[in-house]
Ligand code: SF4
């Protein structure tokens, strides 16, 4: 629990060793990059990162953050450098300190533990995750059994389950459906993690409905706009791409899904990287068209580094493939609006410069 020494379940940020410049080898066809858009930062990530920055500015270092504020190695190491300390659990934080809850959300038990330690909690849970928490609470009050489609062990899933622990069953994949045991097949509702594959989730729902015809739907999609938009864009790029490069960290659910979606939709190969220096020369053998995208927690500067390295390898023509415009913004967590002097409440989020 210190800068540079994250707890056991947090991925240790690292910058890979430098690699020589990529070589420009002939491939028998014009080389180009198809750059998916939208890509990169979503409104919830932007808000969460600004919340930590603002907390450091308002209260000074250290500011504690429970879990990674967003699932990106580069973002976490940058914030560590500025004085954020990432911890696994509330119990590691000194009494009375400032503690930020990550964008993935927390269970009510975590909120209670922070209050018991008299921590100054700042809740950077993405409002679209909070929406799912509210659904879980409401469905539990209605005595419905909740089938939560999501990945075991993901922080968002733990937080959502914590809002209705007695009433929620986790469904990890379509194959889980056949094994499910429910109390009352007449009183079931499904909800989901926000960062899943849309297609796989719909397949899970289809199988659930086959088994439980009275299954109720949530009032609106739980897979968030950013996850959906990034998948739609890469679906358009993938059939034309010999190789897709997804910038994003290994523990970023939506980034990992982008690799899967690219392969399912025709990309000949797809790789996830944290940093451009992880691109291997042999990935480019015979590759004319490279698709590039990034997960919702990835700063654009990392994508630009990929484009610069690909330019070294002869991929100078960059064509943007845009499938949606995004302009959603969320205001800062209320604790920061309350504490800030001046009019921090009016500070626009989600629209800051993304170089
Ligand atoms: S990926 Fe979606 S749910 Fe997660 S922080 Fe971004 S907008 Fe919110």
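Using the three backbone atoms N, Cα and C, a Cβ is placed for every residue, glycine included.
Among the features that TrEMBL reports, active site, proton donor is placed at 156. Residue 156 (active site, proton donor) falls within a helical segment according to DSSP. Using a 10 Å Cβ-Cβ cutoff, residue 156 (active site, proton donor) registers 25 neighbours.
The secondary structure of residue 224 ([4Fe-4S] cluster binding site), as reduced to three states from DSSP, is coil rather than helix or strand. Per TrEMBL, the feature [4Fe-4S] cluster binding site maps to 42, 126, 224.
Annotation comment: TrEMBL describes 71, 104, 154, 252, 253, 254, 297 as dimethylallyl diphosphate binding site. The secondary structure of residue 71 (dimethylallyl diphosphate binding site), as reduced to three states from DSSP, is coil rather than helix or strand.
Taken from TrEMBL, the feature isopentenyl diphosphate binding site covers 71, 104, 154, 252, 253, 254, 297. Under the three-state DSSP scheme, residue 253 (dimethylallyl diphosphate binding site) falls in the helix class. Annotation for residue 253 (dimethylallyl diphosphate binding site): same-chain Cβ neighbours under 8 Å, separated by at least 6 residues, are 71, 151, 154, 156, 193, 195, 196.
Sequence-distant contacts of residue 254 (dimethylallyl diphosphate binding site), defined by Cβ-Cβ distance under 8 angstroms and a gap of at least six in the same chain, are 195, 226, 227, 230, 248, 295, 296, 297. Residues or ranges marked as (2E)-4-hydroxy-3-methylbut-2-enyl diphosphate binding site in TrEMBL: 71, 104, 154, 194, 252, 253, 254, 297.
Per TrEMBL, region 'Disordered' is recorded for 1-24.
Among the binding-site residues 42, 126, 224, the ones whose Cα sits within 10 Å of the Cα of residue 104 (dimethylallyl diphosphate binding site) are 126. In this structure, 126, 224 are the binding-site residues from 126, 154, 224, 252, 297 whose C-beta falls under 6 Å of some atom of ligand 1. Sequence-distant neighbours of residue 252 (dimethylallyl diphosphate binding site) (same chain, 6+ apart, CB under 8 A from its CB) are 71, 72, 195, 295, 296, 297, 298.
Counting every protein chain shown, the number of other Cβ atoms lying within 10 Å of the Cβ of residue 104 (dimethylallyl diphosphate binding site) is 28.
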